[in-house]
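Undergrad: Dropping the structure in here first, questions after.
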Amino acid sequence: MSVLSWAFTVAWFTLWMLMLYLTNEMKLKFTDAAAIVNVFAGVSAIGHLGMQFLVDAFIGHFWMLCLSTLAFSFGFGFLAISASPILSGNGQKGLFYVALTVISVGIFGRSISLGVFTEDQLEDGRNKGNPAKLVSFVIGNVGNFVFLLLAAIAMPQISPWFVRFTIPSGCEVLAMLIFISGACSYKRVKPGGSPLTTVFRVFMASASKMSCAYSNNSSQLYEKAECDQDIKPHTSSLRYLDRAAMILQTESLEQQRKNRWKLCRVTEVEQTKSVIRTVPLFATSLISGIVFSLGNTFFLEQANHMDSKFGSWNLPLPLLLLFSEAARLGSRELCVMAAKRHAIDFPESPKQTKTPYGIPVSIILSIFCCSIAAHVESRRLKVVSTQGLLHETVPMSVFWLLPQYILLGSITGIYENSFALYLEETVPEELSQYMVLLNVGVCGVGIMSNIALVSLVGSVSGGKWFQDTINKSRVDNYYWVITVFCMFNLLLYFIVTYRYTVCNKKDGATQENDRRIIASV
């Protein structure tokens, strides 16, 4: 499995520099190039949820890894052909877009299955205490770190872009052959169905009973008394979903139980309610997605027009990504440590009242990140103006961008980890992964929203803020606009969490006074 991770690292660094290919080689306006990158990143994020459903319900992780590796191999192969001298014009552009579409399948397939499949192998009873497996795991992690450094340093040194795109394709083919060679020894967990089906069933059952009058008598709601699963108490919120558990008087209970799409347990209804209650918090992910979209678009374009020398050495731009990734991993560890300390200090704290404190921290850091980026860009543009360097590299060190990249990595790590921990505490365990992926999808929508925001701001500014190149534009003003949006996002977070806390308190009071009579089977 390590070879798949190593190949993914090479692909990751190659895709991170896609903005430079579009502006330097295809000669696109930097806003058009950013739009293409944002659509690609957004689609790659949105597809996670649907792919997770396919993996759980039909495919399984082994075959998903095979599919994702094939997608990477063909996708980068198409990308290499589109960048080669043999193609030009519409054929080149068409194949380029096809390549990105195929690669996006590889991204969300690999992201979903690689970690889970690796854990399955480590937890396999045949491998417990096996020194060879442990050594292989350690070598895999060390090798991944080495590949990070090699990819960051070596990839930018390769001049022809079609060669840069060919290397990830070759790595994926090699990784596929090595991965398949051990297929007989892998532990494979068969797809057991998706827990998301429960949510669909509740919506379908409640919709089928829309014409039925709702009764406040909770004794008319169905629950399976001898079920091995935890039984969740009935709550008063989102009452329209309670119809899914209503026992109709026109049919016998035995007949209704046979159709699971028309009668659900109260516990299943309450699980669906817990999912819906967290959805408003996802609104904060839209603006966070806009901030995330800057790292491999506008920030990278700034770096491309700045002095990257460190002494006599030309600093490879992907090293900025390494600093950002290090900040992301470090901030995630801090979040985990803070969560453990909170659990020790406040063991009696009920899960329903916990709020994701890491999210407002990440939003505050977003405000700092965008404001710092605005100040740095203002300084850079001042150098451009005073020295007349509209078409030249600006004699200003790329290290000026380091704070905003480190902040961006910290924001990503804190936000992702805080949201994941929060969802683990507030939604059923089997659905928490889907909610995490739903949040990733909403972030993807936010990333693509950057396109609309750039278009809107460009129209309002009369085209002065966004011109052909970043040296002629006023991206610093755009960063200030995003800073204001982040401030609004912080206010939105407090409104949503306050509303969520109030609703939970009402549900808690209702549970004490609204005891149902369980319909025994």
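Cβ coordinates come from backbone N, Cα and C, glycine included.
Residues annotated as transmembrane segment in Swiss-Prot: 3-23, 35-55, 62-82, 96-116, 134-154, 165-185, 279-299, 310-327, 356-376, 394-414, 440-460, 478-498.
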Undergrad: For the transmembrane segment (96-116), which partner among 35-55, 165-185, 394-414, 478-498 gives the most CB pairs under 8 Å?
TA: 35-55
Undergrad: I'm a bit unsure how to read this: which one of 62-82, 310-327, 356-376, 394-414, 440-460 has the highest number of Cβ pairs shorter than 8 Å with the transmembrane segment (35-55)?
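TA: The stretch I would name here is 440-460.
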Undergrad: Same chain, outside the transmembrane segment (310-327) by at least 6, Cβ under 8 Å from its Cβ: which residues?
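TA: For the transmembrane segment (310-327), the sequence-distant neighbours (Cβ-Cβ under 8 Å, at least 6 residues beyond its ends) are 13, 16-17, 20, 148-149, 151-153, 155-157, 295, 299-300, 303-304, 398-399, 401-402, 405-410, 412-413.
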Undergrad: Sort out the residues at least 6 away from either end of the transmembrane segment (62-82), same chain, that have Cβ-Cβ distances under 8 Å to it, and list them.
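TA: The answer is 4, 7-8, 11, 14, 51, 54-55, 92-93, 95-96, 98-103, 105-107, 109-110, 112-114, 117, 162-163, 165-166, 168-169, 172-173, 175-176, 179-180, 183, 186, 188.
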Undergrad: Who are the chain neighbours of the transmembrane segment (356-376) in space, where the CB to CB distance is under 8 Å and they lie at least 6 residues beyond its ends?
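TA: Same-chain contacts beyond the ends: 281, 284, 287-288, 291, 294, 299, 302, 335, 338, 400-401, 403-404, 407-408, 410-411, 414-415, 417-419, 421-422, 476-477, 479-480, 482-483, 486-487, 489-490, 493-494, 497.
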Undergrad: Which residues, given as numbers and ranges, are at least 6 beyond the ends of the transmembrane segment (478-498) yet have a Cβ under 8 Å from it?
TA: 280-281, 283-284, 287-288, 290-291, 294, 298, 355-356, 359-360, 363-364, 366-367, 370-371, 373-374, 377, 453-454, 457, 465-466
Undergrad: Cβ under 8 Å, sequence separation of at least 6 from the ends of the transmembrane segment (440-460): give me the contacting residues as numbers and ranges.
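TA: For the transmembrane segment (440-460), the sequence-distant neighbours (Cβ-Cβ under 8 Å, at least 6 residues beyond its ends) are 31, 34-35, 38-39, 41-49, 282, 285-290, 292-294, 297, 466, 478, 481-482.
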